[in-house]
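Some features that TrEMBL has for this protein:
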SITE      ARG20  site 'Transition state stabilizer'
ACT_SITE  TYR25  active site, proton acceptor
BINDING   ASN77, HIS83, ASP90, LEU104, SER105, ARG114  substrate binding site
ACT_SITE  HIS103  active site, proton donor
Amino acid sequence: MATKSILVLHGPNLNLLGEREPQHYGKQTLEDIDQALKTIASAKSIKLETMQSNSEGDLVNKIQSLSNDKVDFLIINPAAYTHTSVAMRDALSAVKVPFIEVHLSNVYAREPFRHHSYFSDIAVAVISGLGADGYIAALNFAINA
Ligand code: DQA
């Protein structure tokens, strides 16, 4: 049986986790989060790749490559692009790879401009407000999907 392949995509400013507004995003660094995900994936023999970019174009290009790269499931925190990016939404609709949208903070408890997402209605699920545990819950779902 082919190994399942999962991609975790982190959007802009998530490279600053640990020092960036810890009251919203916690104290773990992105490296801490990625390492925890890789540990879980390798224990289950799952192929897991992680990528962070501050650039919308890079994120669109990576999403477009999902079909060719034979990725089975995507976990994505689009960060600020959640609220702005028609381009990333269109790329996700084009490749049709199932995905879970993750937010560290509860975006619905924050400013009104964070309440709208270009992704939620085409996502398998949305996890918002569980901090880094949200990525782990998403990964556990993706492994069993
Ligand atoms: C975020 C929430 C977004 O509104 C914000 O722009 C982020 C991070 C979160 O993980 O809570 O950068 O996606």
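Note: Cβ is positioned from N, Cα and C throughout, glycine not excepted.
Locations of recorded TrEMBL features on the structure.
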residue : record                             : DSSP class
ARG20   : site 'Transition state stabilizer' : coil
TYR25   : active site, proton acceptor       : helix
ASN77   : substrate binding site             : strand
HIS83   : substrate binding site             : helix
ASP90   : substrate binding site             : helix
HIS103  : active site, proton donor          : strand
ARG114  : substrate binding site             : helix
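Figure note: comparing Cβ neighbours within 10 Å for the binding-site residues ASN77, SER105, the maximum is reached by ASN77. In sequence order, THR82, HIS83, VAL107, TYR108 are the residues near ARG114 (substrate binding site), counting only same-chain partners six or more apart with C-beta under 8 A. Counting every protein chain shown, the Cβ of HIS83 (substrate binding site) has 16 other Cβ atoms within 10 Å.
For the recorded positions ARG20, HIS103, the ranking by surrounding Cβ atoms (within 10 Å, all protein chains) places HIS103 first. Cα of ASN77 (substrate binding site) to Cα of ARG20 (site 'Transition state stabilizer'): a distance of 15 Å. Counting every protein chain shown, the number of other Cβ atoms lying within 10 Å of the Cβ of LEU104 (substrate binding site) is 24.
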